[in-house]
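Engineer: Just passing along the structure, written as structure tokens.
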Amino acid sequence: GCARDWDGLTCWPRATFGEVVKIPCPRFFEEFTSFLQRNCTQEEYWSEPFPPYTLACGFDEGSSKGPEDQKSYYSAFWRVYTAGYAASVTSLVTALIVFAAFRKFHCTRNYIHMHLFVSFILRAVAVFTKDAVLFADETMDHCLMSTVACKAAVAFFQFSILANFFWLLIEGIYLQTLLLLTFVSNKKFVWWFIFTGWGAPTAVMFAWVLTRIHQQNTGCWDDDENGVVLWIIKGPILLTVLINFIIFINVIRILVHKLKSQEGGGSHSSHFVRLAKSTLLLIPLFGVHYIVFAFFPESTGLEARLYIELGLGSFQGFVVALLYCFSNAEVQTELKKQLCKWQHQEYLTFTHKHGALSRETSPVNYVTQLSLLDKISPKRRTSVLQDGVTTV
């Protein structure tokens with residue numbers, strides 16, 4: 001028969017003589033319902049795909065959607081999200097250091113922020129790892145590649161995505177709890193949040209890996225998944241997105257109610273401005289932008305999905321660190337205090353060294369040293385007196 005074949009776009013499975021293999025278009029083409037076919041001939045050669053990619057998968061050779069243009073487009077997009085994740089990692093690591101270094105920031109709210117920061121960092125690292133392992137070599141045969149390293153990279157990527165969504169959900173639950181009950185001062189709640197934020201993704205990933213091994217242990221686990229394998233990952237993600245969106249709407253409702261009760265006689269414009277600020281701050285924290293395509297097939301509006309989920313999503317960690325750490329008034333005040341403290345210490349160190357140096361080089365210091373030497377050395381004092389008499 002015909003062996004597995006990677007034609008640069010799609011992996012064709014092994015087939016027997018005379019068998020016609022039918023597969024859907026690759027995911028990066030928007031025509032989700034189109035299919036391609038190849039025939040395994042008796043000469044042990046694969047026939048050319050029919051209909052051709054140009055007809056079956058929604059692009060025309062003469063248009064800007066040709067294969068080379070598609071490759072150039074995705075290469076440019078790779079640079080964008082790589083820059084976004086790099087900026088996110090840098091800012092998030094800095095924010096973690098700030099929260100960890102100052103004891104004043106050790107509280108339940110910031111503990112949850114820190115775990116969210118870690119989930120964003122893991123997500124960025126997982127993207128870099130997956131790209132390095134799976135896509136560094138353009139000549140790689142994705143049909144034959146099925147190593148432990150590439151499977152581990154994909155599993156780590158899936159875990160980081162799950163953990164990030166669960167910690168976004170925990171941020172939403174915690175914020176709504178604060179608005180409704182104003183408690184959560186006890187640290188025991190932090191442990192429940194930690195257990196849920198990391199334990200739930202671990203359990204889901206354990207189920208996904210076992211299902212992959214026993215039902216679809218093909219390639220690097222990055223191919224199209226069947227229903228059961230797909231929904232083990234997609235189901236919890238959609239659930240967290242839906243719950244977080246409901247919480248987001250409810251938090252906005254609570255904020256509107258509180259603003260009206262606090263400023264009963266205020267103008268509507270001030271209410272709107274404060275509400276708009278609150279809403280914009282909550283969008284990156286809750287990941288509300290994911291609701292746009294959450295319940296559509298992955299091929300629906302692919303370019304818009306890439307811009308929103310991958311382009312904007314890569315900068316989400318940077319925005320979260322900026323809003324909830326570097327733009328925070330308490331953080332800025334504490335950093336200014338620490339900066340002033342360092343400057344004062346530098347000044348004291350400089351003046352101390354300068355003063356010591358001045359004393360060492362002062363003429364008065366030499367006179368003092370001579371007087372002390374005279375006191376402790378009788379011989380020197382006698383010789384000085386004798387010299388004085390001789391001189392007279």
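A Cβ is built for glycine as well, from the same backbone N, Cα and C atoms used for every other residue.
Curation does not apply to TrEMBL; its annotations are automatic.
Taken from TrEMBL, the feature domain 'G-protein coupled receptors family 2 profile 1' covers 1-61. The feature domain 'G-protein coupled receptors family 2 profile 2' is assigned by TrEMBL to 77-328. Per TrEMBL, the feature transmembrane segment maps to 83-102, 114-136, 156-182, 189-211, 231-255, 275-296, 308-327.
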Engineer: Under 8 Å for C-beta pairs, could you tell me which stretch among 83-102, 156-182, 189-211, 231-255, 308-327 has the largest tally with the transmembrane segment (114-136)?
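Structural biologist: Maximum Cβ contact count belongs to 156-182.
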Engineer: On average, what pLDDT score does this prediction assign to the domain 'G-protein coupled receptors family 2 profile 1' (1-61)?
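Structural biologist: Reported value for the domain 'G-protein coupled receptors family 2 profile 1' (1-61) is a mean pLDDT of 73.
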Engineer: Quick one: do the transmembrane segment (231-255) and the transmembrane segment (189-211) have at least 3 Cβ pairs under 8 Å, skipping pairs fewer than 6 apart in sequence?
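Structural biologist: Counting Cβ pairs under 8 Å, at least 3, so yes.
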Engineer: Any residues 6+ beyond the ends of the transmembrane segment (189-211) with a Cβ under 8 Å from its own?
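Structural biologist: Sequence-distant neighbours of the transmembrane segment (189-211): 108, 111-112, 115, 119, 155, 158-159, 162-163, 166-167, 170, 174, 228-229, 232-233, 236.
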